[in-house]
Every structure is written in C-alpha cells, then in structure tokens.
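J.: Before I ask anything, here is the structure I am working with.
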Amino acid sequence: MLFSYIIGCSYSQIMYIAINNMMEKCNNKSFIVFLLFFCFLLFPHLLLSENDYIRGSVRQLVNTTNHRSISDPQQVHISLVGKDKMRVSWITEDKHTKSVVEYGTKSGKYSSKETGSHTSYQYFFYTSGRIHNTVIGPLEPSTIYFYMCGGSGPEFSFKTPPSKFPIEFAIVGDLGQTEWTESTLKHVDSTNYDMLLLPGDLSYADTQQPLWDSFGRLIEPYASKRPWMVTEGNHEIETFPIIYPHGFKAYNNRWSMPFEESGSTSNLYYSFDVVGSHIIMLGSYTDFDDKSEQYKWLQNDLDNVDRNRTPWVIALLHAPWYNTNEAHHGEGESMRQAMEKLLYNAHVDLVFSGHVHAYERFTRIYDNEANSCGPLYVTIGDGGNREGLALNFKNPPSPLSLYREPSFGHGRLQIVNETHAHWSWHRNNDNDSFVADGVWIQSLISTKPCTQTPQKQTSHEEL
C-alpha cells in the first residue's frame, strides 16, 4: 500500500510528503529510503521535470505514400508573398504537368488563373519530382479561396490573413514526422489560427530524400490551408564533402520563401510584414558576423521598420541564444554576440528558437541580464521530432528562465492590438492539448522608457 502510494505521487509530492511526513511517522526509515530510491530507478522521468506532467516516450516514424496519379499535385503548401499574394508550391511525379493554379472564392468555380515556374533537383541517386511554384493574387484579406493545382487532382482551399488586429500565429519548431508530429499538427488545427511559423528543422530527412516527400504529404492537410513561413535548421543542411559542399539543396528547392521581396539575397534569411507585425526569419547556419551579408541585411531591414505601421517586431531563428537545457548549450552564443545588439536597439519584442527539444520561456533579456527593454526569448523546439525530448535542464535554474519543460507541444501568439499580445504554450497531453504556460506581453514600442536612448534596465515586472 505504501509503495503504491509513493509511485502514484508526482516528484514534488514524493519529495515533500514522503520525506517530510513518512520519515517522521515510520520507524523503518531505511525501508522508506529504499522505496524512494527504487521509485527513482523505475520512474527517473519524474525527477527530470519541474512540474507534475509525465512525458510520453518517443513515437514511431510516420511514412506517408502517394495515392494520387502521377500528374496530380502532392505535398501542397502555401506561403505569404508581399501583403496580398500567396505562393502555392506542390510536386508532381509527371515531368510534363504545367505550373498552373486556378482559383476563386467559390468551390469549383475559378475566376482567376496564374502560371508559375518549376524546378527539380538531384541528390546522389535520388531525383525529385517536378517542384512547382506559382504566385497568385492580389487576394482579399480574411477570405477563403478555393484552388486547383496543375489542372487535375483534388480541390484545396486556404484562408488569407486578416488586414487588421487581432492575428494569431501557431509557432512550432523541430517538427519531424512521427506520431507525436501528427498529434501536434492535430492540436494546432483544433482551433483557428492565421499563419504557422516554424523556426527550423522540418522533415528530419537528413540526406534521405524520400523523407522530404513523406513529410510534404504528412503536412499537406495543414500547410495547404494556412501559410507556413519557415527558416532552416541544422537538419536542413545536408552537406556532403566535395559533392554537396554548400548544403540546403532540398530545402531551398522545396521551400521557397519571399526573401527577394525583403531585399535578402538568400532563401536562408528574410522578413515580411503581416497585420501590424514585422517578422524576421534569421539563418543560424549561414554567415552572421558583422562582415556577413546576413548581418548587413538585418541591419538595413531593422533600420527600415516603420513601427507606426508594424508596432510588433518578432524574430525567429534555430539555435537559441539563451538556453538552460544541457542539450545544445551555448551553440547559439556566437550568433548572439554578433547580432543581439541589433535586435535590442531596434526594440525587437520576441525571439523564438528551436533546436533544443523542449519548451522554455525566459524573461526579457539583453546581454545575459534581465532587461525590461530586451526581447522576450522562447525556445519551442518540441514539435515531435524522432530524436526525442531534451530531458535534462541545468540546476539550479537561472532566474532568467521563467518556465521550462521537456514535453512535446506548440505555441500560440495572439497579437490583440498595437500594444498587447498573449503567448500560450500547449502541451501534447495524449489526445488533448493542454495549456501549460501563458503570459500577456506589452509591445516595447508602447513602453516609453524603451523608446528612449537604449540603456540597461533590470526591472521586468511588465513583460
């Protein structure tokens, strides 16, 4: 009975009740210590978290296959281009299918038609299908459009983002293609959102090119109806000495982002505006020092942000600049040292990252100190990848880290108006999505002390 009581408790209950109460009431203290030690051996995961949730184990890889004809579209996804256009991307096995998208606001009745371009690539003995990219628009805000790709196959639909606040972003990193990924995507889709942001590590193909195809088919039901804006992670690099020294061959061919519209020369970093928000997608795995093209681009991009038009500025990158997990600790430090001051001086509101397979939310920070005028940092690399969770956080906890948990899940950023937004993190709890963390955030541009000459401030009562 006593053993059953102990193993049914959470870590905090075991430590507090068992030690403080049982040790006082039981004469056989050695037996109690033995039971606690035995419980730890059986359930070590209970001691790896600062909350009462028991995390699930790694789940199976999901390998999807194509059940459509060779001329029908597959792996359909969309991405925002400019303020009122959308890029439709898809793949066909048929090398002769045209890159045509027909679309309209009524199902089966297409009033407009656009023709785009196509490409393909080879990676060792693998040759991709024909990769189509077609930009459609101009489009009306908050409107459902129906569309068909290549003149055959199923009809798809998407909803355009609104033209004014509020807007809601789903944010998830290190997605992969496991049963946990399926769970995350279903939770994301269970409530309405306007756009998905992904800070790197998409398919986890890791040079196995058919896994890119499987990933594209897995996410199609979601990525074909809301724009997905992504940046690269380390699993997108896929270099091979001499033969493929530059990397990102599959990523750049399959996931074209609107980099040219923001003045960038690389698909690995870019920015875009949507509903009062300037979103910056940075590249952790391309040059970022103060002599690099990315640094110069970021400097120019931030200098040209109009905070009257976009009062919110949000950055995403892969390797976190702040991290109290033992996994990948310090891997983003050189990029932080190179670019953090640019973001701080520009009053960037939030920075999201992935890479670490856990969730962690920090206070506002600048240069390793709490600073009420620095960005709020969030690690959200818990989408469902095949490598499992990063269970070990450093102890004692840093006062800069306000919530941390190694569980799969996704985040929601709802920007309510020019001054306030709400962030929430939704844990994958079996079949349900559970809101485990949340905070209201005030935009820095609406905080008077932060719009003056930058200076170090240690108060962070108002996030």
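Backbone N, Cα and C define each Cβ position, glycine as well.
Checked TrEMBL, it gives:
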DOMAIN    73-160  domain 'Purple acid phosphatase N-terminal'
DOMAIN    169-359  domain 'Calcineurin-like phosphoesterase'
DOMAIN    374-431  domain 'Purple acid phosphatase C-terminal'
J.: Summarise the domain 'Purple acid phosphatase C-terminal' (374-431) by DSSP state, stating how many residues are helix, strand and coil.
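T.: The breakdown for the domain 'Purple acid phosphatase C-terminal' (374-431) reads 0 helix, 28 strand, 30 coil.
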J.: List the helix, strand and coil residue totals of the domain 'Purple acid phosphatase N-terminal' (73-160) as derived from DSSP.
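T.: So the domain 'Purple acid phosphatase N-terminal' (73-160) is made up of 0 helix, 51 strand, 37 coil.
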J.: As a test of reading the model: what is the averaged pLDDT for the domain 'Calcineurin-like phosphoesterase' (169-359)?
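T.: Summing pLDDT over the domain 'Calcineurin-like phosphoesterase' (169-359) and dividing by its length gives 97.
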